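Visitor: In case it helps, Swiss-Prot gives these features for our protein:
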- 4-190: domain 'Flavodoxin-like' (DOMAIN)
- 10-15, 78-80, 113-119, 134: FMN binding site (BINDING)
- 12: NAD(+) binding site (BINDING)
- 98: substrate binding site (BINDING)
């Protein structure tokens with residue numbers, strides 16, 4: 001049975017919700033799924049004063065965990081059109097795994113959130129995907145088999161490169177039903193690909 005890791009960073013809970021949806025989709029495909037988050041780099045007093053969501057249930061990942069999975073789906077909010085520094089810092093520690101080729105052939109995917117429709121969703125996904133390709137991973141996006149990609153009757157995230165959500169400038173908008181459906185679809189597709197490749 002394929003093992004899938006949903007690895008995320010979420011300051012305010014939007015990506016945490018998307019990570020749970022990705023995991024639901026992967027489980028639906030028959031994979032064993034773990035959800036883990038990367039360490040917070042913001043000092044605790046600053047995080048609390050900034051109203052970060054500090055009660056997230058997922059355990060904190062270690063870089064060595066990555067080698068234990070057949071698929072790794074990476075999610076993080078955007079910071080100026082690229083992945084958040086917390087995720088970048090974590091992935092930057094994978095040099096030893098990269099040098100050994102420990103991630104070659106694993107399935108990868110990316111998901112993100114931005115404050116606005118044009119807040120850097122695709123560039124943030126690319127910043128994650130670039131890392132996955134350097135690791136030698138097989139990248140799976142959010143294909144157009146997901147009909148929600150074509151919705152024009154509502155503001156919604158989603159790109160062929162990965163599932164996305166729009167949070168609003170003040171963070172008050174939570175992932176919509178369509179955005180969560182996209183995350184589930186991508187999780188299922190990634191797990192199905194991992195099962196085909198790794199059994």
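Cβ coordinates are placed from backbone N, Cα and C, and glycine is handled just like the others.
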Visitor: Can you tell me how far the Cα of residue 10 (FMN binding site) sits from the Cα of residue 98 (substrate binding site), in Å?
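Guide: Rounded to the nearest whole number, the Cα-Cα distance is 25 Å.
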Visitor: Calculate the per-residue pLDDT averaged over the domain 'Flavodoxin-like' (4-190) and state the result as an integer.
Guide: 98
Visitor: Measure from the CA atom of residue 98 (substrate binding site) to the CA atom of residue 78 (FMN binding site) and give the result in Å, rounded to a whole number.
Guide: 24
Visitor: In sequence order, which same-chain residues at least six apart have a C-beta under 8 angstroms from residue 113 (FMN binding site)?
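Guide: Result: 14, 15, 18, 77, 78, 157, 164, 165, 166, 167, 175.
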Visitor: Could you give the Cα-Cα distance between residue 119 (FMN binding site) and the residue listed as 'substrate binding site', in whole Å?
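Guide: Distance (Cα to Cα, whole Å): 31 Å.
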Visitor: What residue among the binding-site residues 10, 78, 116 has the most other CB atoms lying within 10 A of its CB?
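Guide: The largest 10 Å Cβ neighbour count belongs to 10.
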Visitor: Between residue 116 (FMN binding site) and residue 12 (NAD(+) binding site), how many Å separate their Cα atoms?
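Guide: For residue 116 (FMN binding site) versus residue 12 (NAD(+) binding site), the Cα atoms are 15 Å apart.
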